[in-house]
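Shown next, in structure tokens, is the structure this report addresses.
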Amino acid sequence: MFTLPDLPYDYSDLEPYIDTETMHLHHDKHHAAYVANLNDALAGHEEFLKMDVEELVRNLAKVPEEVRTKVRNNGGGHANHSFFWTIMGPASGAAGGQPSGKLLEAIKGSFGDFTVFQEKFSQAALGHFGSGWAWLVSDKGKLSIVDTANQDTPLSEAVPAGRQGKTPILALDVWEHAYYLKYQNRRADYIKAWWNVVNWNEVRKNYETAL
Ligand code: MN
């Protein structure tokens, strides 16, 4: 059975950039529904219910075909949101600003400087048509920016070639449920605000773990 993880901070901690009501709906309703639907899809398939969700989305091809689409969507939804909560944090704490250490060096190596990276990532998030995610991914230390549709993850072999098998370092949810209450159709404003709550300590750990 998969379970809904608690947020690693309070629902109000991302204010004023991400509002409390959105965090409640996003975590307690949307993420919870992905978990419930995933468990429902895999009822009777014990070997998959025992997996770590990241292992599950890496192995979609092994999932019985009749439930594979449901597992792709809801397993992806569970994996992506579980990850997303961890890479954010209170702007009053360590979040926002710029990363440091090896991660900053890698960003400079791949994009020139941090501001260029930030602009390119924002453009990928803004330019993604419809529901999906923007990602900073690592391929043995080499960084790139990709976007995926719906709840697809770069961990999965289900995404297009060139995007798969990469390790997520940072992610941004651009589904309307992530921002519509506060920002309505202004996705660009949501993206700009979101940078203030990026927890670079966690992103740096993700990068160093993936090396
Ligand atoms: Mn979401």
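Cβ atoms are placed via backbone N, Cα and C, with glycine included.
Going by TrEMBL, these are the annotated features:
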type	residues	note
DOMAIN	2-88	domain 'Manganese/iron superoxide dismutase N-terminal'
BINDING	His26, His81, Asp173, His177	Mn(2+) binding site
DOMAIN	99-205	domain 'Manganese/iron superoxide dismutase C-terminal'
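Features per TrEMBL, on structure.
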{"residue": "His26", "record": "Mn(2+) binding site", "DSSP (3 states)": "helix"}
{"residue": "His81", "record": "Mn(2+) binding site", "DSSP (3 states)": "helix"}
{"residue": "Asp173", "record": "Mn(2+) binding site", "DSSP (3 states)": "strand"}
Note the Cβ centroid of His26, His81, Asp173, His177, the recorded Mn(2+) site, then list each other residue of that chain whose Cβ lies within 8 Å of it, in sequence.
His27, His30, His31, Phe84, Trp175, Ala178
Please list residues from the chain of Asp173 (Mn(2+) binding site) whose Cβ is under 8 angstroms from its Cβ, counting only those at least six apart in sequence.
His26, Asn80, His81, Phe84, Trp133
Would you mind listing, in sequence order, the residues at least six apart from His177 (Mn(2+) binding site) in the same chain with a Cβ closer than 8 Å to its Cβ?
Leu25, His26, His30
Mean pLDDT for the domain 'Manganese/iron superoxide dismutase N-terminal' (2-88), as a whole number?
97
